[in-house]
């Protein structure tokens, strides 16, 4: 007989834990939507909050996400159901907060770096059943439509927040930043900058596309979002969504049931047919102003300036800094408050370098965990995997939008696969345990001579003589 298991006095009853976890999931989803909505209306929000003396309202989404993340950490600690990757992530966060305080002595910068990471933690905690909810889809669709409409309006008028500056903790920040590069205007719509607007539109398009069932609805969403991304002149996001569209509409089923020779022939014919279109899209993206050297300037800067410069900064502090990282406040928007912001290095333009620069060895582990999720992207979400791969290599890590995009896209694509894998493991364990459990056979079901005693308790796979 098994010994009775008494719950810990510190562990809440199961119904209470379940209801509290459900409430936390709802609060987490609402907080993430607040972050996304603020990124969509970033420029307008900064401008009107400052004009009406409501500047502190800008930080409400950040505080909401931080609160739900801390509550989920508490729930996980109480129930002892904290996934190992999140344990590493929480440990790395504590270390980087300490390193940032020791190096920069600036609580504002440390808090700024921490709040940029919290949305990533939050979206990795959202189950797919919640992300696939109808109200979530409708909210994201509404934000996508408003974001595209803002970009369209910005092509015909100058937004009042363009060039308007606000002060945050003694640092001047532009409410809406637009600039001209080689005679080409980069507009932001309702957002704070063209790259931020493009990133959040791509994020919303991925969420909405995952729910769209019919091909013509998906095509309409692709075309509208591609137009908006092209208008913002964000080539990275434009190429990522274009690749996602090609992968999404690629006729994979045409090659099922064919032999190796026919599959090879089909792939060659497809490449020959689609390659000119793909090459034309690529040349359009890198040569939008008619000069290849100018169009590829951002790529050239990444290869020859930004990435080598970030590696040099990583190694400048010696082995200890390379091991522990430079801490929060060292790079990205948080570096504004510490005075170490260096352009273009603080943009990093590579997710792995961004994490590695701040977290050191912990960043390596976080990168491995992200890759572990990406390789588990299910077949129906393979276009999301391509988007994550492209953006991880080239994304501008200047705000919350890119990090939320990466985290939520990883959850959309990989969370169902991870959940299915966990369920399969649980079923295997259950079958294995059931195979060794004793089976009670009642007396009337046991064959044998009259008056014989009933068969004893046996285990599966054995026979009573």
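Cβ atoms are placed via backbone N, Cα and C, with glycine included.
Any TrEMBL annotation is an automated prediction that lacks curation.
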Quiz item: Which stretch, out of 86-104, 162-180, is listed as transmembrane segment by TrEMBL?
Solution: 86-104
Quiz item: For the record in TrEMBL, which of the ranges 299-326, 383-410 is the transmembrane segment one?
Solution: 383-410
Self-check item: Per Cβ pairs under 8 Å, the stretch of 20-37, 57-79, 187-208 packing most closely against the transmembrane segment (135-153)
Solution: 187-208
